[in-house]
């Protein structure tokens with residue numbers, strides 16, 4: 001397979017802060033790689049290096065066959081970048097924004113206009129195309145910014161936290177747009193602090209913390225690394241713990257854990273549904289009342305917690321606060 | 001720089017689906033695209049223009065009527081006539097603040113990141129910004145000239161000389177725009193640039209012959225005034241508009257004897273220093 005993005009040993013520090021600490025990345029052609037990590041993990045710094053906005057202290061990166069350090073202009077001509085806050089001109093209309101980007105990629109006037117209209121149509125912005133983008137909703141602006149990254153139909157796309165700060169509905173809409181993009185064959189590097197987003201969109205996930213890749217794999221592989229399925233039982237009466245534990249012991253493939261104030265039991269299981277069925281009938285026969293019972297697979301949150309030793313943090317960035325993510329990145 | 005270790009292949013550089021312009025012409029082509037973007041803003045937010053145009057009118061009227069009686073330039077030319085060229089100079093120099101504020105704003109809003117990720121000339125954003133600000137200055141000169149004519153200012157030399165005078169004012173303002181561009185890229189916010197430019201431009205225009213005749217300064221201050229490029233600019237404009245009395249000789253300093261030439265030397269010097277400095281700062285902005 002051919003790697004459209006390959007970074008080797010990227011290091012970058014800001015004053016005492018080591019933002020990137022020997023990061024390696026590879027994204028094969030046509031694949032989606034999610035760079036997953038909390039605020040300040042180094043995601044944005046990595047994106048800025050790969051898109052020529054920032055020179056690394058050491059290390060190298062090749063994007064679309066072009067060396068980022070030796071020929072930054074050549075890289076810029078082959079990538080599309082959409083940042084974590086929508087970098088569109090608020091006084092320009094959607095059409096004018098895209099037309100300007102087209103001209104700056106080197107398209108002629110007529111070609112730039114045609115391409116702008118095409119993209120507005122594709123992103124459902126035709127109707128709003130002649131309004132200043134100031135009047136757009138957050139989701140519309142984000143789509144316009146993403147459209148800007150696609151103007152030159154670049155072989156490599158880099159999306160830095162494309163849905164941070166969006167409401168849930170706009171987020172789902174954005175996911176659909178991105179999935180459609182990728183089905184068109186583009187290579188995509190995506191950063192996110194939403195585990196669900198990485199799960200939905202990416203072929204491969206690199207978990208990054210303190211400027212280093214700490215794990216890599218598909219969502220399933222990462223989850224498997226944390227442990228397989230387990231049965232969870234929340235008891236109505238904490239006094240029934242002993243009896244419930246005895247039922248679970250029949251299906252458990254490992255140690256049974258007790259948590260949440262002594263009424264929630266978790267048992268790793270091998271058999272999946274069969275184990276769940278067995279548990280249900282066992283609990284019924286023993287007359288143990290439960291509040292909740294289920295078969296759980298580990299979430300990426302669990303993965304994150306087990307890998308980093310700290311939980312993934314809630315996003316601090318919001319559309320009204322474009323600096324926050326960057327500031328935190330710099331402060332760490 | 002280490003070569004990536006073996007693994008999967010790296011592609012040959014992917015072919016581009018379009019042809020990019022190249023060479024120094026690109027800075028102008030791309031610069032014009034950016035300038036158009038800046039000018040669209042004037043169309044969308046005309047309020048900006050209202051204040052751009054009201055403040056020079058206010059300046060002309062305030063100085064003409066408040067100081068008009070108190071200061072006598074002393075060579076047979078009335079103060080209002082003496083004053084107008086000074087106000088022109090001060091206003092166009094202040095206009096450079098727009099350049100800095102515009103860039104600081106673009107930096108804060110992340111548009112500069114968008115531009116920097118595009119395969120465009122690294123000088124284009126600056127060329128575009130300084131160019132669109134010439135438009136502001138042309139508009140404010142027209143408004144000030146009309147106001148000046150209303151309060152008694154006259155062009156007493158030829159029309160062509162007057163045009164040269166306006167041209168010199170614009171060229172000098174353009175150079176100062178590049179200084180402000182640099183400051184705009186360095187400071188963190190629009191508020192800072194407004195204060196910073198005030199701190200630089202106020203002394204530059206007040207320690208000059210823009211509002212008071214050179215003769216009223218003494219000692220060190222006088223040295224500063226007569227070598228201040230704003231003094232030369234003002235002196236040259238007065239000469240070209242014919243706003244100096246025929247009998248009064250220009251002060252006996254090279255800068256005042258050849259004010260237009262001295263102004264152009266400054267313009268050249270400023271551009272030689274600040275164009276490369278600003279372009280370099282732009283290229284590493286945020287890095």
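Placed from the backbone N, Cα and C atoms, the Cβ positions cover glycine too.
Computed from a predicted structure; not experimentally measured.
In TrEMBL, the transmembrane segment annotation falls on B:83-104 of the listed ranges B:17-38, B:83-104. Under the criterion of 3 or more C-beta pairs below 8 Å, with sequence separation of 6 or more, the transmembrane segment (B:48-71) and the transmembrane segment (B:134-156) qualify as touching.
For the transmembrane segment (B:260-279), the partner stretch with the most Cβ pairs below 8 Å, chosen from B:83-104, B:134-156, B:162-185, B:192-212, is B:162-185.
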